[in-house]
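Asker: Features from TrEMBL:
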type: DISULFID; residues: 37-251; note: disulfide bond
type: DISULFID; residues: 86-95; note: disulfide bond
type: DISULFID; residues: 100-106; note: disulfide bond
type: DISULFID; residues: 155-240; note: disulfide bond
type: DISULFID; residues: 160-223; note: disulfide bond
type: DISULFID; residues: 168-186; note: disulfide bond
type: DISULFID; residues: 190-199; note: disulfide bond
type: DISULFID; residues: 200-210; note: disulfide bond
type: SIGNAL; residues: 1-24; note: signal peptide
C-alpha cells in the first residue's frame with residue numbers, strides 16, 4: 001500500500017500535470033465569446049471550406065457568461081454569429097434567427113439570414129496577422145463587437161453596437177411567429193427583395209457594378225465600421241499581429 005507521502009507526491013504530480021495541460025491548451029490565440037445580452041443566445045461557428053469546425057459549431061451561452069477556447073495554431077478562417085429565440089417545440093430545436101438546420105451544434109452548417117456576422121482570418125501573412133470584421137451583408141439580428149487583446153500594430157475594436165431592431169424599416173423587418181410577433185431581425189435589401197442588383201449577383205458581381213443602396217446605407221449609418229454589401233469597404237481597417245485573444249462580445 002502506498003504511504004501517505006507517496007500519495008501526496010502523486011496528487012501533487014497530477015495537479016501540476018493538469019495545470020500544465022491547461023496552460024498548453026491556451027498557449028496560443030484564444031477565442032472568447034461573451035454574452036452581455038439579458039437572455040440566452042446560441043453562438044454558432046462555421047469554418048470556411050477546408051478548415052476545421054470549432055466547438056462542434058455551436059452551443060448555448062447563458063446571459064452574462066462567456067466561453068473561451070483555443071483557436072487553431074495554423075491558418076483558419078470562418079464566421080461566428082448568434083442564434084436568438086431558440087427553443088424546443090414538438091421535439092425539434094428551432095431558432096427565430098440564425099438557425100442552422102434545427103441543430104444545437106451546427107457542425108459546419110451556415111445560418112439563416114438575417115444575422116450579424118463576425119468574420120475571421122487567423123494566422124496569415126508574414127507577421128502572423130489575425131484579420132477580423134463584422135458584416136451586416138446578411139442583415140442584423142444582434143449587436144456584437146470584436147475586441148482584440150495584446151496584438152501588435154493596428155488592432156481596433158470593430159462591430160455594431162447599435163440596436164438596429166428598434167429602427168429597422170418596415171420592409172426589412174423579420175417578425176417572429178409567422179410575421180405576427182415582435183421584430184427579431186432586420187433583413188438586408190438582398191434578403192428582402194432578392195434582386196441581382198441588391199445581391200451583387202451576375203452582372204452586378206464586381207467592385208465596379210456592385211454598389212451600395214438605400215438599404216445598405218441604413219446599416220452603414222448605424223454602424224460605420226461594418227461591411228454592408230458584398231464589395232463594401234468598412235471605414236476602419238487594421239493589421240493586427242499576434243493577438244493573444246479575440247473576444248466576440250454580444251450586446252456590447
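Cβ atoms here come from the backbone N, Cα and C positions, even for glycine.
Quantities reported herein were computed from a predicted structural model and do not represent experimental measurements.
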Asker: In whole Å, how far is residue 199 (disulfide bond) from residue 210 (disulfide bond) when you measure between their Cα atoms?
Answerer: 8
Asker: Please tell me which one of the disulfide-bonded residues listed here (155, 199, 200) sits closest to residue 95 (disulfide bond), measuring Cα to Cα?
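Answerer: Smallest Cα separation from residue 95 (disulfide bond) among 155, 199, 200: 199.
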Asker: Could you state the CA-to-CA distance between residue 190 (disulfide bond) and residue 200 (disulfide bond) to the nearest Å?
Answerer: 8
Asker: For the disulfide-bonded residues listed here, 37, 106, 155, 200, which shows the highest count of neighbouring CB atoms within 10 A?
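Answerer: By the 10 Å Cβ neighbour count, 106 comes out on top.
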Asker: What is the nearest of the disulfide-bonded residues 37, 100, 160, 200, 251 to residue 240 (disulfide bond), using the Cα of each?
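Answerer: Result: the closest of the disulfide-bonded residues to residue 240 (disulfide bond) is 160.
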Asker: May I ask for the distance between residue 37 (disulfide bond) and residue 160 (disulfide bond), taken between their Cα atoms and rounded to an integer number of Å?
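Answerer: Cα-Cα, rounded: 14 Å.
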Asker: Under 8 Å between C-beta atoms and at least six apart in sequence, can you list the same-chain neighbours of residue 86 (disulfide bond), or say none if there are none?
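Answerer: In sequence order, 40, 42, 60, 93, 94, 95, 96, 99 meet the Cβ cut-off.
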